[in-house]
Amino acid sequence: MSVLRTAGGFSLAYRPRGLAVGAGCAVLALVAAVFAIGSGSGDYPMSFGQVLRTLLGTGDPADEFIVNDVRLPRVATALLVGAALAVAGAVFQSVVRNPLGSPDVLGFTQGAATGALTVIVVFGGGSLALASGAVVGGLATGLLIYALAWRQGVHGYRLVLIGIGITAILTGVNGYLLTRAQITDAARAVLWITGSLDGRGWDDAMPLLVAMAVLLPVVLIGCARALHMLEMGDDAAFALGVRVERTRLTVLAAAVLLVSFGAAAAGPVAFVALTAPQLARRLTKSPGPNLLPSLCVGAALLVTADLAAQRVFADRQLPVGVVTGVLGGGYLVWLLATERKAGRI
Amino acid sequence: MTLVSLTKSPRAEADPTDPPPPAARPPGSGRHARRAAGLAGALLLLLVICALSLAVGAKPLSVGQAWSGLTDSASAEYTVVHEMRLPRTLLGLMTGVALGLAGGVMQALTRNPLGDPGLLGINAGAAAAVVSAISFLGITGFTGYVWFALAGAAAVSVLVYVVGGGRGATPARLALAGAALNAALFSYVNAVQLLDTASLDRMRFWTVGSLAGAHGDTVLRVAPFMAVGVVLAFALARPLNALALGDDSAQALGARPARARAGSMIAVTLLCGAATAACGPIVFVGLMVPHMVRTLTGPDMRWMLPYCAVLAPVLLLGADVFGRVVARPSELQVGIVTAVLGGPFFLYFVRRRKVARA
C-alpha cells in the first residue's frame, strides 16, 4: 500500500501492484481489441496501422465501413460485457465471501435467460424485446432472491442457498420453455443462453454503455471502501462506520443490473463473472474485492475469448460462450481442488 | 412383473420387520410396530400411485379397464397399457427408488442435509457424459451410453466428495461447490447441443428429465444396474449408522469407515448413473424424500432407507401423473415438475433450518 500526498494535505492510498495489473490488463484488452478489429471475423484483413488510422478517422471509406459499422461494435460489446460481468462477479464474490459465489451459480443469469426465453418462445420477439426480457428477468430474479434471503438482513450464505434453489427451479423452467419451442426457436434460444457476439451492433452496445456509465461510479467510487470493510464481517464493518445493509443492497442491486444489461447485450456468457475476479485477485495478490483490476481482466478475457472462438476452428465460428464455458469449467475444477486445501471453499 | 420383484426383493432382504437384537430396542415402546405399519401404509400408497400412473394419460382409463389391459391380452386397452403405460410406470418406479436411496445414502455419507445427487451435480455429470457420447461418438442405444453415464456420475461424485468431505466443509459450501459444477456441466451440455442442431432436437427432451420415452427394453437394461445399487445401499444401512457417530466410534463398533465410504460412492454412482441414463437428470427427489422420511422414522438408516425406497417412487410417479394431467393434451416432463415443485420445498427448508450457518 502506497500513499500519495499532495501539498494541500490530501492523501490517496493505492496499491502499486493492483494499479500495474489493472493497467497491464487494460493495455492487453486494447491490443487484443485492435487485433480483433484487424483480423476479426471476416475475410478482409487489415494491418495494424490501417486499423489505427481508421480509428483515428483518416482511413479510406471501405476500411471505415468495415471498422466502424462491423467490427468495432462487436469488439466494444465484448469489452463492455466482459467488464460488466467481471465487476458484478467481484461484487458477488465479495458479498458472499466465497470464490464460487458468482452470478452464474446463484441464479441471476438463469433469471435473465428465463426472461429472454419467454420472449423468444412465447412472444417470438426481435432482438430489442429479447434484451428487455433479459433485463426484466434478471431484475425480477434478483428481487426475488433478495426478498427470500431477507431475515433481519441478508447473510451471505443464505443468499447462496436461496440462489441455488432458485437456479434449480429456473433451470427446470428454462428446460420446459426449450421443449415447447419450435426447433428453429430452440436453436436461437440455446445460442442466446450460451452467449454469442455474432452480429452485435451499436444498438446492443449503447444501452450497456449507458448502464455502466451510471452504475460503475456507484460501485467503484461509492461503495468500494465499504465493500472492502464488509469482508471483515458485519460487526467489524459496522464498528468502522459502514452502513452494512444499505451498502449491501446498493452493490447487489448494481451488480444485478450490470449482469442483466450484460446478458441483454451478449447473452449470459458463462464463467466470466467467476473467473475474472479470481484471476485479478491472483495477479494483484491483494485482499478485497479488487474491482478495478477485475474490470480490466474481464474485458481482456472476453475479447481474447471471442478472438479465439472465431479463429480456433478454421471452418466454423464458435459462439464465445462455448470457449468461456469450457475454459471456465476447467478453471473451476482447478479452483475447487486448490482452494479446498486452503479451506476457502 | 419379474422386474417389480427384482427391485423389491432386496427390500425384502433388508426388511426391517425382522426384529433387531433386543438390546437395540428401546425398552417399552411400540416404535417398531408403528414403523412397520407405516411402511405397509407407504407401500399401499405406492400401489395406488402405480394404478393411477397406469390409468391416467392422454387416453384416460378406469381402474377396471387398466386392470383388464394389464392382464387380458384380448382387451382394447392391452396395447396402450403394455406398450406405453407399463414401461413408463416401471421406469418411474425404479428411478424413484434409485434417486431416493441415492439421496439418503449421500446425505448420510456427506453428513450434510443438502446432499442431493441432482443438486450436487452428479446427475449433471452423467448427463454431460451421455451428451458427449451421443454427439461425438454417435452412440444412440441405452446399452451404449449407460457406461458413459456411470463414468460421468462416478467422476463427479468423487470430485464432490473430495470437495465436500473435508473437515471445513459446511452444507452451504458443499451445495455451492455442487451448484458451480452443475453450472459448468450444463454450460458444456448447452455448448455441445449448439454445435449440433440434430442432436439438440433429441437431447432437449432428454436433458429436462422425462419418463415419456420409456420402452420395455430400456426398463430391462437399466434394471440390473439399479438392482445392484439397491442391494448395496441396503447393505450399507448399518455401517452408515455407525459412521454417523464419527470415524473413531464407528471403528470401535466394528465398522470399516473407508470401506463403507467406498461402498456408498459405488452405490450412489450406480443408482444415479443408471437413473440419469434412463430418463435424464432429475433434481430434488433425492433431497426431499430423505428429509420427509427422517421426520417419520428418525435417523436410523435401517428404517430410513426402506421408507425412502417406497416414498421416492410415490413422489416421482405422482409428479409424472401430475405432469400428464396439468398440461393436456401435451405433458410436462417429470424433471420439470420435480424442479418446480421441489424448489419451494428447498427454499422453505433453507429458510427454516439453520443450515445457512457458515
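Backbone N, Cα and C atoms are what each Cβ position is placed from, and that goes for glycine too.
Unlike curated entries, TrEMBL annotations are predicted automatically.
As recorded in TrEMBL, the features of this protein are as follows:
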TRANSMEM  A:20-38  transmembrane segment
TRANSMEM  A:75-96  transmembrane segment
TRANSMEM  A:116-147  transmembrane segment
TRANSMEM  A:159-178  transmembrane segment
TRANSMEM  A:205-228  transmembrane segment
TRANSMEM  A:249-271  transmembrane segment
TRANSMEM  A:318-337  transmembrane segment
Q | Recorded stretch that, among A:20-38, A:116-147, A:159-178, A:249-271, A:318-337, has the most CB pairs under 8 Å to the transmembrane segment (A:75-96) | A | A:249-271
Q.
Applying the under-8 angstroms CB criterion, which one of A:20-38, A:159-178, A:249-271 scores highest with the transmembrane segment (A:116-147)?
A. A:249-271
Q.
Using Cβ distances below 8 Å and needing 3 or more such pairs, separated by at least 6 in sequence, tell me whether the transmembrane segment (A:249-271) contacts the transmembrane segment (A:318-337).
A. yes
**Q.** Remote residues contacting the transmembrane segment (A:159-178) - C-beta distance under 8 A, at least 6 residues beyond either end
**A.** 95-96, 98, 101, 105-108, 110-111, 113-114, 117-118, 121-122, 141, 144-146, 148-149, 186, 189-190, 193
